[in-house]
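TrEMBL has this to say about the protein:
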- 23-43: transmembrane segment (TRANSMEM)
- 30-477: domain 'Major facilitator superfamily (MFS) profile' (DOMAIN)
- 84-102: transmembrane segment (TRANSMEM)
- 114-134: transmembrane segment (TRANSMEM)
- 140-161: transmembrane segment (TRANSMEM)
- 173-191: transmembrane segment (TRANSMEM)
- 203-224: transmembrane segment (TRANSMEM)
- 286-310: transmembrane segment (TRANSMEM)
- 351-373: transmembrane segment (TRANSMEM)
- 385-405: transmembrane segment (TRANSMEM)
- 426-446: transmembrane segment (TRANSMEM)
- 452-473: transmembrane segment (TRANSMEM)
Amino acid sequence: MAGGGIASIGVNKERAENYNGKLTLYVIIACIVAAVGGSLFGYDIGISGGVTSMDEFLRRFFYSVYLKKQHVHEDNYCKYNNQVLAAFTSSLYMAGLVASLVASPITRNHGRRASIICGGISFFLGAVLNAAAINLGMLLFGRIMLGVGIGFGNQAVPLYLSEMAPAHLRGCLNMMFQLATTLGIFTANMINYGTSKLHPWGWRLSLGLAAAPAFVMTVGGMLLPETPNSLIEQGNKTKGRRVLERIRGTENVDAEFEDMVDASELARLVKHPFRNILKRRNRPQLIMAILMPTFQILTGINIILFYAPVLFQSMGFKRSASLYSSALTGAVLASSTLVSMATVDRWGRRILLITGGIQMIICQVIVAIILGLKFGSDKELSRGYSIIVVVFICLFVAAFGYSWGPLGWTVPSEIFPLETRSAGQSITVTVNLFFTFAIAQSFLSLLCVMRFGIFLFFSGWIAIMTIFIYLFLPETKGVPIEEMMRLWEKHWFWKKIVSEEQQAKNTNGLNHA
């Protein structure tokens, strides 16, 4: 029998109105420490683009790219097109993809903290290897270790934040992951700006400083409490209730505790969550777990965050100006995430995703038009048009920062029932890292071939995803995480798939799940 039949009996009693508790200092501290895991992801995104534009780094590991860069008459769109250079950036994400699959059973069976600690240790080792790299093999192995750390961290941290947060503030607290990511990007951009002037070892400092947030994440993971959901799922109800009372600041947590117990009893009946997640009952969540991270990457944000210094240099910005411009985009991304945190639990997820999508489409199209008319293979942008391009790229980044950036992680982490939650998050992380890998590996080649059309390519995808959100994503604002299934049963489209009749049919198969 599939999980659906029992779910409707067990956890879908709509006890939300009886939930008690407040935002406690204990929750805030725990979420801040856990969210440091997002800074690992962000720091690497920001550091990679800056390091790959530093001459000393290119001369040591990618000499052919360095030589091509010196040719002033080289096609501006193609001067950085090199698959080995792209592999430096993308290898991390393929490693993270594999690691996220390994992290899923660890997160479910041993708790969210175990994966957070594993991720921190792996990332720390990767940072040390990269900083000390003497050849390309050592450099790429360090990247792989960083990827393992990101795979574990991205698997566990969003789940940890969603489960620790009270329902009415879950969106805001969950976005701490994205805020930490954006602050990591901004910090990396500022560090790159400073280390670019430290010859010839500045790139080593940029890569090695990744060990700092990794250390904080590892130590923090050892000190953090486990989530009450995970404790109850592991059979420790007494400790789970004690932690729940502490994080809610009240002993009156009966309703929320009963939901967690019901969910954990269902979860224990499901021995194979990846098999169960394929059941018809879980179809809406599975589709969201696949499409939300896919769409997040297909906004084109990573072409800005990975390759901002490279992209700006290709447009004719000088070396220091390109690093400064990428630092500016990092600051915009971090500040816009604060806007999302302040509004997501008041305005809801849908309105932010839709308005952000519309703003990103407009910005991508305007940048494409300017580059198509004023920028070519053998000419650079004028100062005036360069400023306009930077302004609209910043507006694009701002739109992503308050919409698809944080919500691309928040929505998938909050919609799964407990029995498939770790598996669902694993799918989300795997899909995200797969498309991150694909874009990172192919972007320099796509830029060379598609030129300004690359921005139109991504704007087309943003149009598709905005329509998808309007039609198919129900509003999750304020809905308790253990009662999320009710949304799909009431949605105009998904209710046809998760109907009560189908639940009854699936009831006969849960023992085989």
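Any Cβ shown, glycine's included, is placed from N, Cα and C.
Curation does not apply to TrEMBL; its annotations are automatic.
By the Cβ criterion (distance under 8 Å, sequence gap of 6 or more), the transmembrane segment (23-43) is counted as touching the transmembrane segment (140-161), at least 3 such pairs being found. For the transmembrane segment (114-134), the residues of the chain that approach it from at least six positions outside its boundaries are 34, 37, 40, 61, 99, 103, 106-107, 141-153, 155-157, 160, 204-205, 207-211, 213-222, 224, judged by C-beta separation under 8 angstroms.
Tertiary proximity for the transmembrane segment (385-405) is limited to same-chain residues at least six positions away from its ends with a CB under 8 Å from its CB atoms, namely 178, 181-182, 295-296, 299, 301, 304, 312, 315-317, 325, 328-329, 332-337, 339-340, 343, 352-353, 355-357, 359-360, 363-364, 366-367, 370-371, 374-375, 465. For the transmembrane segment (452-473), same-chain residues at least 6 beyond its ends with a Cβ under 8 Å from one of its own Cβ atoms are 287-288, 291, 295, 298-300, 303, 349-350, 353-354, 357-358, 360-361, 364-365, 367-368, 371-372, 375, 404, 411, 443, 446, 491, 493-494. Mean pLDDT, taken over the domain 'Major facilitator superfamily (MFS) profile' (30-477), works out to 86 on the 0 to 100 scale. Distant neighbours of the transmembrane segment (140-161): 31, 34-35, 37-38, 40-41, 44, 87-88, 91-100, 102-104, 106-107, 112-116, 118-130, 133, 173-174, 176-177, 207, 210, 214, 217, 224, 227, 409-410, 412-413, 421-422, 425-426, 429, 432-433; these residues of the same chain sit at least 6 beyond its ends, with a Cβ under 8 Å from one of its Cβ atoms.
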